[in-house]
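Peer 1: First the structure, which I've put down as structure tokens, then a few questions once you've had a look.
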Amino acid sequence: MRPLSIKPTSLDVARHATSVESFGNHRPPISPWHSPVPYLFGGLAAMLGLIAFALLILACSYWRLSTSGDDSGERVDEEKESRSGVKAASAACEEKVLVIMAGDDLPRFLATPAANKCMCGHEGRMVIFKEDGIGAGEEKMGDREKAKENEETTSQ
């Protein structure tokens, strides 16, 4: 085998690179990613960006819905409803409830809730007015048969 020839200059460079004194003067660079601060601000920026994107989508969808009503035939429907005296607000206020029944093939139905409170002030009683206007009789809700008889007698 042939001996390696090492130049004295490269040997000095190797000694200088591995000496203890060089480690004390030069530390390896510290990466900023070893700190939680960039992750914190990066996460906050991502969340704010996502919120801004969602608000932009909501604004565009609201704008699209408000402008699409002008071009469609809703004006014709509104004119027909105003002529007949029916307001669109009454149809919009009608409340529907989804009812799920067990055991059927299609167990979903839309139901209109019944009023559970009397708005006339005669709670629990049925008020029957006579046609001649002489008087009014009040009966309990359980006495529906008597109320039907009274209606039949007043109509004859």
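Placed from the backbone N, Cα and C atoms, the Cβ positions cover glycine too.
In case it's useful when we look at the structure, here is the feature table from Swiss-Prot:
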TOPO_DOM  1-39  topological domain 'Extracellular'
TRANSMEM  40-60  transmembrane segment
TOPO_DOM  61-156  topological domain 'Cytoplasmic'
REGION    67-87  region 'Disordered'
COMPBIAS  72-84  compositional bias 'Basic and acidic residues'
MOTIF     99-103  motif 'VIMAG'
REGION    136-156  region 'Disordered'
Peer 1: Using DSSP, how many residues in the motif 'VIMAG' (99-103) fall into helix, strand and coil?
Peer 2: 0 helix, 2 strand, 3 coil
Peer 1: On the 0 to 100 pLDDT scale, where does the motif 'VIMAG' (99-103) sit on average?
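Peer 2: Result for the motif 'VIMAG' (99-103): average pLDDT 76.
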